[in-house]
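Undergrad: Take this structure, written in structure tokens, and hold onto it; I'll ask about it next.
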Amino acid sequence: MTIEQQRQGFAFTGSGFPTDQESLRFRWASSRMSAQIYHEPNSGTSPAQEEEQSGSEPTRELRNMVFPMALKKAVRQVQQMQAPAQFSGGSWKQKKTIFVRKFKSNVREFLYFFSLWGKTLQKIGGNFGGGVQSYFIFLRFLVVLNFVSFLLIAGFVLIPSIVFGSVDIKPEISEANVLSAQIHADCLKYDPNPQGLVVFYEFLLDLLSGTGFMEYSYMFYGYYNNTVVVTSLVGSDFSYNIPLAYLLTAVFYFAFCLICIIARMGKVARVAVTTGGSDVRSYSMIVFTGWDYGCLGSKATKLKQRNIYYRLQVDLEEERLKKHAASLTLCNKVTLYSLRVLMFFVAIGLIVATFVAIAYATTFSQENNNVQGFLGLFYTYLPSIVITTGNFLVPLLCDQIALLEKYPPSATVVVALLRAVVLRLVSLGILLYTLWNQIECHGSTDTCPCHYNHNNYQCWETSVGQEMYKLTLFDLLVSIALLVLVEFPRRMVVDHWSCKLTQWVGRQEFVVPSNVLGLVYGQTVVWTGALFCPLLPLINTVKFVILFYCKKITLFYNCRPALRTFRSTTSAFFFLAVLLFGWILALVVMIYSVAEIHPSFACGPFRSFLRMWKIVPDSLAILPKGTRDFLFFIGSQAFSVPLFAVSCVFMCYFIALASIYGKSVAILRAQLKLAGQDKQFLVKQIEKMKLLSPQDNEGKQD
């Protein structure tokens, strides 16, 4: 049989359907037709634009060729020398486009030079890869977010309070405050200022616990007044409502943080979609696009090689576990699921036990808050100690439990992280619930004339702010203590003492997920206490800056990168989703505090109101009639219902647009898959031709 007969023999099968070769021809024909359809010249294109497009075609073809960069550069120089001089408008537009592109690149490089920790992040990414670098980028994002939030609070609350307090301006005191002072005279007792001289160690204790000289300062809620400042500036009356500014600043602070989180989540989601999402784990993506060209030095190269090796090993292990799970008998499946259910209840029991310990520690601490000295400081920090201990021990136990459950490697990490997230954020919620249960008054008006527990909490907002302040400060002190007392000694022992125990322990791994969850927990604490401690974002900014350098020292001197790494695309979106969950928890706290609990009568800007939010309708009532009617119209159903309908229309439009783009991406992926099959088919045909060519030569010789 000749080669031509063989080619005709496998063109169609006996059933009459086209084979792989015929389908390949059909696809080639369809691709040529689509090229003719989608690439026909536009009738509205000007000659200058056509000339510009034709001039860019050789450059585009040269760019697509697989040549070394030096050879491409030489060919481009030869093309430029042979090209005739052009003075058309299209050439001028092309030069202008190149100039604008270069200008934008130079501006971007100039701004990158002044970016916060730009060179440090580049060094971290080059030596430890993009996974570890994502933690420090996330930390820088939180530093900038907290600093801008502090500027917002300082501009509308802190600076006006300082200016009006230093300048002798007589404020207007509302009549409701006078009436409340006459009715609730016992509820106005609040004297946080210490009497007489203060010993140095008491000064230190006050600094750590937020009491004494710090309690009645700009740090906490109780220092701010409930006054409306009215003065004359440049011949016109000027009024500033401090309570309204305090509440609206807190609202805009939460809204600003939400906008920043959503914007960053959108950016990360676009990167995750373009890189393929879950398809990143495929073999071809890891082999051909998994290398990090930012690695510097042989050590970083070996780390990246081990990282890629582990990713391939994880994928193979997951495939093996899937095949093993598919081959399990009914008895083995019942045993495995029973073990997982048992371990699930064990993990839930540990988490619930931690919650109960936090509740008891908070109750005990609040009942013994009058104890002085270092014992009183220990009682004050007892909830923070229990929360930090639980957040450290329970995730370690949950990691071991997740290994016993025999999940796939990626599912094991995700399950352990979800349990850690629930533990950290819900533990903060348990602390706040216990505080609220003690603050609220459950009796009648006769037994509780102040509508809250005034005997134990003369200014309950300041007490909640002190708890959040202590949690933030204690988290920073624990991080510094771990660096000095645990991580440095461990590295010294491992490096200078060679035995089987030190080899088994090794250096500490820099685990990105647990470190990022610590940042999320700290930021949630700040959001929760920002209403009661306005300077908490500034404290958190300083804390995160110190934490950045501590983690940098730990990374370069004490730790080795974790072998079980998180993918930077999916992990960044997951961390931002957890941060959004913490924001929602803090928002619930703010809404409940503003709408449900009666403000303190003796302190704060809302001492004359039944609820904090009552300042809004009272302030709207004094506005001019036109402005008041406009604002009431915005808040009415006549405006909100059409706005909701229009928003739904836009959402449906963008959802449909996203669906169309998703289908387009699916079609392109299918075309890439078909192109791969075509290449495999052509390779097989070439191999068959090579096998048949010696036989043809032998036949000709015969």
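Heads up, the Cβ atoms here are built off N, Cα and C, so glycines get one too.
Here's the feature list from TrEMBL:
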DOMAIN    459-568  domain 'TMC'
REGION    38-59  region 'Disordered'
TRANSMEM  137-159  transmembrane segment
TRANSMEM  244-263  transmembrane segment
TRANSMEM  341-362  transmembrane segment
TRANSMEM  374-398  transmembrane segment
TRANSMEM  410-436  transmembrane segment
TRANSMEM  538-559  transmembrane segment
TRANSMEM  571-592  transmembrane segment
TRANSMEM  639-661  transmembrane segment
Undergrad: For the transmembrane segment (244-263) and the transmembrane segment (538-559), does the number of C-beta pairs under 8 Å, pairs 6 or more apart in sequence, reach 3 or more?
TA: no
Undergrad: Taking a Cβ cut-off under 8 Å, which residues six or more beyond the ends of the transmembrane segment (341-362) line up next to it in the same chain?
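TA: Residues 382-383, 385-387, 390, 394, 397-398, 401-402, 404-405, 419, 422-423, 426-427, 430-431, 433-435 contact the transmembrane segment (341-362) from elsewhere in the chain.
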Undergrad: Where does the mean pLDDT land for the domain 'TMC' (459-568)?
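TA: Averaged over the domain 'TMC' (459-568), the predicted model reaches a pLDDT of 84.
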Undergrad: Six or more residues beyond either end and a Cβ under 8 Å away: which residues meet both conditions relative to the transmembrane segment (639-661)?
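TA: For the transmembrane segment (639-661), the far contacts come to 633.
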Undergrad: Which sequence positions outside the transmembrane segment (137-159), separated from its termini by at least 6 residues, show Cβ-Cβ distances below 8 Å to it?
TA: 116-117, 121, 218, 224, 242, 245-246, 248-249, 252-253, 256-257, 260, 264, 516, 519, 523, 526, 530, 534-535, 537-538, 540-541, 544-545, 547-548, 551, 572, 575
